[in-house]
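Copied over from TrEMBL:
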type     : residues : note
COMPBIAS : 11-20    : compositional bias 'Polar residues'
DOMAIN   : 154-191  : domain 'Zinc finger Sec23/Sec24-type'
DOMAIN   : 227-466  : domain 'Sec23/Sec24 trunk'
DOMAIN   : 471-555  : domain 'Sec23/Sec24 beta-sandwich'
DOMAIN   : 566-666  : domain 'Sec23/Sec24 helical'
DOMAIN   : 693-766  : domain 'Gelsolin-like'
REGION   : 11-30    : region 'Disordered'
Amino acid sequence: FSLYVILHSSTTTGSASPVPNSYESVEGGGYSGTSLQASLRHLHPYSQPFPSLSELSSALGGLGGVSELEAETLRPVNLLQERNILPPKHAPPPEPNLSNDLRKVNCSPDTFRCTLTNIPQTQALLNKARLPLGLLLHPFRDLTQLPVITSNTIVRCRSCRTYINPFVSFLDQRRWKCNLCYRVNDVPDEFMYNPVTRSYGEPHKRPEVQNSTVEFIASSDYMLRPPQPAVYLFVLDVSHNAVESGYLNVFCQSLLDNLEKLPGDTRTRIGFVTFDSTVHFYNLQEGLSQPQMLLVSDIDDVFIPTHDNLLVNLKESKELVKDLLNALPGMFTHTRETQSALGPALQAAYKLMCPTGGRVSVFQTQLPTLGAGLLQSREDPNLRSSTKNVQHLGPATDFYKKLALDCSGQQIGVDLFLLSSQYSDLASLACVSKYSAGSVFYYPSFHHVHNTAQSQKFQKDLQRYLTRKIGFEAVMRIRCTKGLSIHTFHGNFFVRSTDLLSLANVNPDSGFAVQMSIEESLADTSLACFQAALLYTSSKGKRRIRVHTLCLPVVSQLSEVFAGADIQAITCLLANMAIDRSISSSLSDARDALVNAVVDCLTAYRANGSNIQPSGLITPAALRLFPLYVLALLKQKALRTGTSTRLDERVFSMCELKSQPLLQIMRMAHPDLYRIDNMTEQAALHLNDSVIPQPPLLQLTAEKLTREGAFLMDCGSVMFLWVGKCCNETFIRDVLGYPNYASLPSNMTEIPELQTMYSERTRAFISWLLESRTFHPAFHVIKDDTSAKTSFFQHLVEDRTESAFSYYEFLLHIQQQMSK
């Protein structure tokens, strides 16, 4: 009853695809649905044996013995005795044990991470380690440096279609050997010239072979049709509920502020649909004196009232668009309409966008009550803190998934913004984004006046959302060394064929994960490589291919597999697997599987790893945070039981775990806690004239809090500043701007900009935390005596609650399970 068996639920959405596999030929899989490995077995015998790889400069530094680094990662740690295992600073991801030359050109861990930085030679060795093998990707993230290649020839392996990369080997100037399938290929003439150095005859110095992340400008061979323009359609709920929440004012103002910054070119098109019990379209034809509203009341058979001027050229109709955005918030002020025909509005959006493809942004504030896709409330508030199984984690209807697949087939991505104070069945609604490669945003209890933190977050999120980079009509394929195979994908997309992900839209904030197995022994090679290729149309109408290649050593010893474990990547992959399991089976099964993952791995280590058998719970240093991170996942909104959790909030948390990049998932699961009332310049960073204090990370337990202090907790999408009752008055005055603790209001949602050293230091630290982040968290200042403090204390994962273990109790539970 091992983890691999119980978590092996495929997340592919059925291989029957709604559109022909025409992109197959474009990105060049060319294997008509069989897996790459299976196809390779039918190729000619190799013209020469597997590479000795001496040409890659004895790739594994320190083969002669265990390196110092490895000795440290294998140091046995008794978790029951070592209580302070959290490092004071964020530990960097493990560095693969490669030669310096390879290390220098390897892919950044921010883009591409593997759960095991030492790849086991065989599936048997992987099974022995009882650790999951998979990749975490952030393929379209914002980059400060990106080599863009504009040559006419994109050099690829003739057999497996891998793009040339730093880990291929040149047999001579005219021949290169593929690092994934080992085929020998010819170097084309054009590749002999290096545009960077302007010299001839050095193919190994070209940018494609010097950088593991590159972007090619693609030729017409990589297009099925001329590149589409950027097309944006906004679908807005204008029912009484929506108007009352005030989101329309925030949305219209935000779009007005960012209209000039929408990614695109002179062809960019824009349109608006609003809905309540009927669906309304807006004619924005250039030359009209004001926008014209067209109302369609037949929601059972929704039709497009006119095919012209509902999606208009933004440049030509900009003034009318501005007029509409200024008028919209006031148009429905006195509405009595309480119904919501979301399904028909989405059907209309699909019909409007079909000819071009593009992005649909839907704003919804309640349960859809009319027409196709209507939903009933499925939540029983009395069961919110049930310790038994949680019902209704999956969709109530397949309407939204089917619509998403239709959209995906026409290159339409749908993003959902749910701003709701009542249950809205996000489990059903989210499908519209999940299968069309969209994003889901959720603002529970949104109100522009009564909930300022949510309102500020919505505003900042919108600004990022409207202006961030976007790719249209995209596909992504992940290839790996012969012998490895990918069997399950996680993220928001549609699986077009065995290994081609269809992404109608791709954005820089989405993460993906894949699970892998080892189908054939890797004994003949010392390196394994993985390559992700993302083919997309830029907002300027250019077809581009972004390629990332990761190289890792192959090992034959179990100790090396443990030594190279990347515990954060493992945690994130297990979180994805657990979410699938909770939907396909049950929440309690998913929770058991997570506990078993720790039990199995530590049992395997005990049986094979350490000769010394002290009593206690022994783990190699590389895995010392494994039980802590799994306990944190078990207490996360998505997977917890026994703590009151609204169904929509649970489902949203599940969506986040399945679609966010690794760092964001880690902050959600195991937040960062700092004491910030006594920060000094000791060990501070000095960046551009500002001093950024570096307080140490604290364990997530109330033992670390004191009434005399102020503590900042960073949970990714929300930050809490907890102020103790006896907190130093200088801090309260100089940072929060109030004379003393008693005068602090209970609903502060930002830190004022004060001209004091303490204020500058605190704001510098918080800004530094937010620097790498694209979405701003909601911010709450919490006093020690308000009801709001429960949300802060819930994140102290090392403490026990009525329904969950403390960290120490969890360790004892693991030990007990291991001795069964």
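Every residue, even glycine, has its Cβ placed from backbone N, Cα and C.
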Interface-richest range of 227-466, 471-555, 693-766 toward the domain 'Sec23/Sec24 helical' (566-666), CB pairs under 8 Å: 227-466
Overall pLDDT for the domain 'Zinc finger Sec23/Sec24-type' (154-191), taken as the rounded mean: 95
The domain 'Zinc finger Sec23/Sec24-type' (154-191) - residue tally per DSSP class, helix then strand then coil: 3 helix, 12 strand, 23 coil
DSSP helix/strand/coil residue counts for the domain 'Sec23/Sec24 beta-sandwich' (471-555): 0 helix, 60 strand, 25 coil
